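Here the structure is laid out as structure tokens; the discussion comes afterwards.
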Amino acid sequence: MQKTVEKENLNPYEIVQKQIDTAAALLRLPSHAVEILKRPKRVLAVSFPVKMDDGSVRVFEGFRSQHNDAVGPTKGGIRFHPDVTMDEVKALSMWMSFKCGVVGLPYGGGKGGVICDPHELSAGELERVSRGFMEAIADIVGPDTDIPAPDVYTTPQIMGWMMDTYSRLKGAYSPGVITGKPLAVGGSKGRNEATARGCVFTILEALKDSGRKPAETTVAIQGYGNAGRIAARLLTELGFRIVAVSDSRGGIYHGAGLNIPKVGQLKDTSTILDYPGATAISNEQLLELEVDILIPAALENVITAANADRVRAKWIAEAANGPTTPDADAILREKGVVVIPDILANAGGVTVSYFEWVQNLMHYYWSEQEVNEKLQTAMVNAYRSVAELAEKYKVDLRTGAYMISLLRIKEAMEARGWI
Ligand code: GLU
């Protein structure tokens, strides 16, 4: 008789709920606490008209989800992507809560998204979409309530426009409403590199435990946006050998190691696929390369039950949010692959966002060295406490990271008398 294979659930909202259940069961969290944590406190769906360059008017749709504000105001990026859905944004806001919890930042999780392809918009249209979305969510965001930031396909310039729109609406300069801004309007030194830098700190901690040296370590990176591209640069500077990278158009492989400045130049002028002498590979093939470290730095659900078995990396550092499904996690665990989970590996971005917000509130700005040192301390401490807890409970790093977070949020909910 033919065995029917159950189709894997790839809905990120249901995936994060599953991850919560796993960690909550180990902690024996009371069911009412789990029920609160399994859904966002507030989700706003908006639509707003934008005048296009050709004179037409297009209506854009977007969302802002605020998961849990027991610990502090909600915090998290805004993505511009054609595949944005409400469930995705809800899940991403929940991952933000747990991410902030892992590092111990005084924030809950939030996330926003606009359904659009920024590559098809002119600079003027992009500005009007950015301002239109901020206007549409202005009632529920603010320096003390919910603080957005960049995410997939959004930039410091977009944060600058959004900050300007919010400040005009409120009649007061409000840099603390959003982070990841250009330096000229209250951005923090080191914020642009922070996600990648934080990810590198977690990789170095993981390697330390195994005694392996960077110079003997190969890396493949999927995604060449803010996180992937800067991680490639920082890892190269540390002596790692980056053998493969990709972007949404495909990837390149070069066993002797890619020249990362050259890749960057091609990314800016033509396409990374023009790299001379490299083998063209697909995004799927990149995930299955025989490398030491695999860094998924693009979107969700790229490592699933369908391909996890073919992953040959020893470590996976999740610079993206939600790249690995729970079924894939189980397969990787079985194979002995160590996954540094998203809520730990990519927490550097929101950590320096927190520093930016603190600087905005104080109107007092720090040097890049100060920011990077504080980031390093935060990431190393976070990694160490997750690794310790995972070891104690004999669970993977993801479950350990969830456990730390869930306990922090539960404690805050208790202290506020919610439970
Ligand atoms: N979008 C980033 C993330 O997923 C940064 C969020 C922030 O800085 O608030 O962590």
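Using the three backbone atoms N, Cα and C, a Cβ is placed for every residue, glycine included.
Listed in TrEMBL for this protein:
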BINDING   Lys75, Lys99, Ser353  substrate binding site
ACT_SITE  Lys111  active site, proton donor
SITE      Asp151  site 'Important for catalysis'
BINDING   Thr195, Asn226  NAD(+) binding site
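Sequence features, as recorded in TrEMBL, placed on the structure.
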residue	record	contacts (Cβ under 8 Å, 6+ apart)
Lys75	substrate binding site	Met96, Cys100, Leu105, Tyr107, Gly108, Gly109, Gly110, Asp146, Ile147, Ala149, Thr179, Val350, Ser353, Tyr354
Lys99	substrate binding site	Gly109, Asp342, Ile343, Leu344, Asn346, Ala347, Val350, Ser405
Lys111	active site, proton donor	Arg64, Ser65, Gly76, Gly77, Ile78, Arg79, Val89, Lys90, Leu92, Ser93, Trp95, Met96, Asp151
Thr195	NAD(+) binding site	Asn226, Ala227, Ile230, Ala319, Asn346, Gly348, Gly349
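Of the chain residues outside the substrate site list Lys75, Lys99, Ser353, Gly76, Gly77, Met96, Cys100, Leu105, Tyr107, Gly109, Ile147, Ala149, Ala347, Gly349, Val350, Thr351, Tyr354 have their Cβ within 8 Å of the site's Cβ mean position.
Candidate recorded positions: Lys75, Lys111, Asp151, Asn226, Ser353. Those with a Cβ under 6 Å from ligand 1, in sequence order, are Lys75, Asp151, Ser353. Taking every pair among Lys75, Lys99, Ser353, the residues recorded as binding substrate, the greatest CA to CA distance is 13 Å. According to its DSSP assignment, Asp151 (site 'Important for catalysis') is coil. Each of the recorded positions Asp151, Asn226, Ser353 was scored by the number of other CB atoms within 10 Å of its CB, and the largest score is that of Ser353. Reduced to three states, the DSSP call for Thr195 (NAD(+) binding site) is helix.
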